[in-house]
Amino acid sequence: MPGNSRAAGTHHSRPSSSEEPPDLEDQELLLAAAYVSDAQYNRNVPFETSPQAIRLYHFYNHWTMRAATYFFIWVNLALALFEEPAVFPLPFLVTSIAEVLCLTAFFGRLVHFAKVTPQKVFWKDTKNICVMVTIVLTLIDLVIYGSLEAVNIRGVRWSRALRPVFLINFPESRQIRRTFRSIRNTLPDILYVFLLFLFSMMIFSLMALKLFGDRDLRTVEGSPYFTNILDIAFELYVLVTTANSPDVMMPAYELNWWYSLYFITYIIINTYIFMSVFLAVIYNNYRKHLKNEIHTLAYLKHHKMTEAFNILKVKVGTEFVVKEARWRRLVKVVAPDVSSSHLELLLRISDEGQKGHVDKVNFLRLADLLNIRVVAINIKKHPLETWMPRVYQSSTSLLVQKMVQHRIFVWVYDVIILINAIFIALDEKDSLISYAEWLFLSLYIIEILLKLYTYEPSAYFGRKQFWNWFDTLIIIAALLATVANTTIQARKYNSQQVLDIVLILRILRLLRVIVSIQRFRVIVTTLINIGPTMLTFGGLVLVVYYAFAIIGMEVFHGKIHFLDPGSGSPDALVCGNPALKDSAFAQGRYCKNNFNDLASSLILLTELTVVNQWHILADGFALVTHQAAKLYFIGFHVVVVILIVNIFIAFILEAFFVAYSLEKSEVETAIEKKIQELGVGVQEEEVQNGGLIDNMDAKDSGFSADEGDNKKKDLKGLYFRIASKKYKTVDTLLQQMFESEIAPEGKDPSLKEILSFSPKKVNFDNSA
């Protein structure tokens, strides 16, 4: 019974009597809702099943608690902007109080988690230990640093590099944590390839030392050429990234053109072959481990839904089912914002025979049903048809509406946009060009007015009509830009910033091409739909960037300064450090590339990720500190460019192709079939183009109730469609990516077997 305190995931027995006390029924409903919610969002949190623990668990998962946790995480990370070295300096007392408040919030969240989780599970969970240890270390660092500040001794805030631990280890960041875990499991396979790559590079380094070391060659800067094995190894590593090509080859090439074969061979082997192998091995193994993770999630989802069914089931005839009334209450608890029409649709899908109950097979699909975006559309008459029906339904009015709905109307405006692009590129000082801008703007405004005349305004500007909003906002921006540009020219205003803004707003008008061309719109929509997946990797990159930025600020802060070259100061030519005299760093005027605050550090790390000229940046910081500083830049390149960026590119490509071309899932197909059976279906293209009114009759809409089923309500004027490429969670997209490869078959494993799944214990045929 739920009154007994035990961990979630064990079998829940039900009393034989169908009559249950109201309190007991509510408790069972809350417990079942917790299971379904966990299955919907793929949460794997063992929780106690006592009534108090269940209520605490629902509160723990409430959006306000999650939002508060993320708020304090971001505040904690943002403190680096206000701490020395700071972008916006604040006293140490202010930042330390803010950090203590954040730590208090993290500790409270951890205590809340401990209240809903079995104690043995809580203390065995590594992420809880990491959070507690990080809190303690941060407090120790604050005390030590504050004490040193009190006696005017500059300390090192080493605990700041640990702040991303909070972002990674709270349950809300399970996608980022899963990505880290998959990368960690991939590292052993990558290590062998990396060691082989290093061996190849050292062989070529020794060859270079013997070939060029005794020939007294000089670089362009006048430095000895290939006389030190460590310098050679660094230059050859940089050559793999092509950042120093062909400069590194030129002294040898000038001596004898035959030596170019050495560099060509090196580039073919290490840049093209080894880097391609890196990409293949990294993605192949990452995908394999990710698939195992998603396989485990699929089994856990099935297990949780089975537990929820066992809690709510009653026996009807020879089978166990969930009564319609309890099913409705369950859905309202799990998804309180679900509309009555959407709820009715889900019930029709789950209770196919309209028997008044839901069987086990259909009940187990509830989590997937809730993850499919079903858009309800309330078809209404155009206001003009209500106000003046004779005019709106006249032959002239119908001709205008038919013209606007025709494909040729779109083609005409495509041509207008292209002509407008040509005029924008021309000299606007010409009076003809200036008048043409007003002509194009008038045509765009007429287009919007004609569409609002043809399509019902509230449907055209519906909450889900992104492209219609986008199109209209672009036109408004173009209108503002044209008016502002005319005003500026009339008053001879010369503010360059205002002129830049006006120019950008005018050019943004060309983005209407995306709206007009269907293929463009599909591609952009697909990119938007896989945005959550990109954000997962964005969180991963943020964690790595932040840690490297904090380390860089502690090591390199104050070593390089940017001084205005026009100030006349001699230090401006050497970036405030004499060690950079005559260096490529100073000659390239890279002085703003420094670690003097968090913003500058993140910009510099972005430049390193691009890899162009990254060796000059590394040489500059090595000159002002020690040659060992190059290890920092090599480490960043290996972690970010070779590992994370390769995974990011390959994974996003696959996610894009899945979202762009994959057929609907089995659950989506079932929903779409039921929508069409009920006669309340509408195609997504019709909604995007606004073509709703002419294609359907509002008076025939609604669910047709069967005979004797008077308790069902007709939903007049409502139509539905599946937003088939939209996913409520990242896990939903990931599961669809591997759906055909990991679908559970045969007898379901036990919970213990599910939790013991690992890449070493579970073998899947890889089809990367």
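The backbone N, Cα and C atoms fix where each Cβ goes, and this holds for glycine too.
Annotations in TrEMBL come from automatic prediction, not curation.
As given in TrEMBL:
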type	residues	note
DOMAIN	71-288	domain 'Ion transport'
DOMAIN	406-661	domain 'Ion transport'
REGION	1-22	region 'Disordered'
TRANSMEM	63-82	transmembrane segment
TRANSMEM	88-108	transmembrane segment
TRANSMEM	129-148	transmembrane segment
TRANSMEM	190-213	transmembrane segment
TRANSMEM	225-243	transmembrane segment
TRANSMEM	263-283	transmembrane segment
TRANSMEM	408-426	transmembrane segment
TRANSMEM	432-454	transmembrane segment
TRANSMEM	466-485	transmembrane segment
TRANSMEM	497-515	transmembrane segment
TRANSMEM	527-548	transmembrane segment
TRANSMEM	631-657	transmembrane segment
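Only pairs six or more apart in sequence are counted, and the transmembrane segment (190-213) with the transmembrane segment (225-243) gives three or more Cβ pairs under 8 Å, enough to call it a contact. Within the chain, the transmembrane segment (432-454) has long-range Cβ neighbours (under 8 A, six or more residues past its boundaries) at 384, 400-401, 404-405, 413, 416, 419-420, 423, 426, 460, 468, 471-472, 475, 478-479, 482, 485-486, 506, 509, 512, 690. Long-range Cβ contacts of the transmembrane segment (225-243) within its own chain (Cβ-Cβ under 8 Å, at least 6 residues beyond either end) map to 201-202, 204-206, 208-209, 211-213, 215, 217-219, 251-252, 263, 266-267, 270-271, 274-275, 611-615, 627, 630, 634, 637, 641.
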